[in-house]
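Pulled from TrEMBL, these are the features on record:
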BINDING   124, 187, 219, 250, 393  UTP binding site
BINDING   220  substrate binding site
């Protein structure tokens, strides 16, 4: 078939010819999806149909649109008042009736991801992070603490994917006596498509066994449609809920902030925001994060994938684009319902190429939840402290949150007061530490890191009990060598290499 669709399109010249090709591709896709639907059992037909309809719309847009790039010339800095400093929001204080404001809130955690990047099977939310507590345990503890402290009823909603749903539901039984109502709904399940033929690789609806690689959850932008389709959105509105606070379950900094909630419910100018995005200042480690810009008179999230190649370095510049999206979002439920019913939520398509185990190249079409900001009325960015962005994507991140840099209180992690500066050390653990079980085996106990600035570890290295790391520490075991840092060792500004020669740095 067509080797590279976009190249063929650009060379095709005649728009009539392009249109014929597009129609043929859409028709072929429809035929294949109908075949897949025909294999569904009666109890699966309804939701499979919804999933495939949603996919068809996305595929149609993918064929129509001229690639993800934004028009760089139209990008402007956001107006001064469109991104508010958190200090200003906090300075307003809290009303006496904060409980009645809290009762209007629902906490939604994005729980579709697997722990594969950290070598774990099953939902990422079930990885132990701190004192045997998982991401999910900490989330439940935080909300339970809120509900007990203010005598409120803030529910937790988990957006699962078909990858995480079964395992998550099994675990939820352990919270049946906690003071948090927990609901779940599932993200859509979309078919991966062959990069060359642009047809689905699935032949039937099943997604177990050899078919696991045929399907994917289409990114967290799917929350609007799935939440609405599940019926849960309407139920929560009927219960008097007004806002959701959405965040990634692996962001341990994303706790309910009463000052932001109060700003939403009691806006100073009387006009409520339908969408608030928490942003925070970029550091050198965040150059790839999406940023908020002004585009055609709307606040718009621009991701690195949308930036024309010639401007990528400019996009990464910390001086020009100073902030990035934490993916902590506050959204009005009534607005989601209104926009969903009008089919008016506009999110750019992210084309995510993958190579399957057998070597087949596929693409999956995705969207991102924050990209919808331009569809909502009266959107706002709030520049929050870095402490609200504490994602755990790798074992290097895990080392930070397990260490004495943080103290744990009612499910929330806060930076230790004993740390003299507010930034987190830069930690880079080598490939011997990538998998959680290998990482845990290499530390007899987590080192004291209160005075650490930078740690790089590479090769076969293990740490004894009660090791202290200060300043800049670099430990490199050459290929075939092994370095054991002895129990009780203090490494301050040291380079350790080869055969445990410890050098001052």
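Cβ atoms are placed via backbone N, Cα and C, with glycine included.
Same-chain residues at least 6 positions away in sequence with a Cβ under 8 Å from that of residue 393 (UTP binding site) are, in sequence order, 117, 250. Listed binding-site residues: 124, 187, 219, 220, 250; maximum Cβ neighbour count within 10 Å falls on 187.
Distance noted between the C-alpha atoms of residue 187 (UTP binding site) and residue 220 (substrate binding site) is 8 Å. The record assigns 124, 187, 219, 250, 393 to the UTP binding site, and the maximum Cα to Cα distance across that set is 21 Å.
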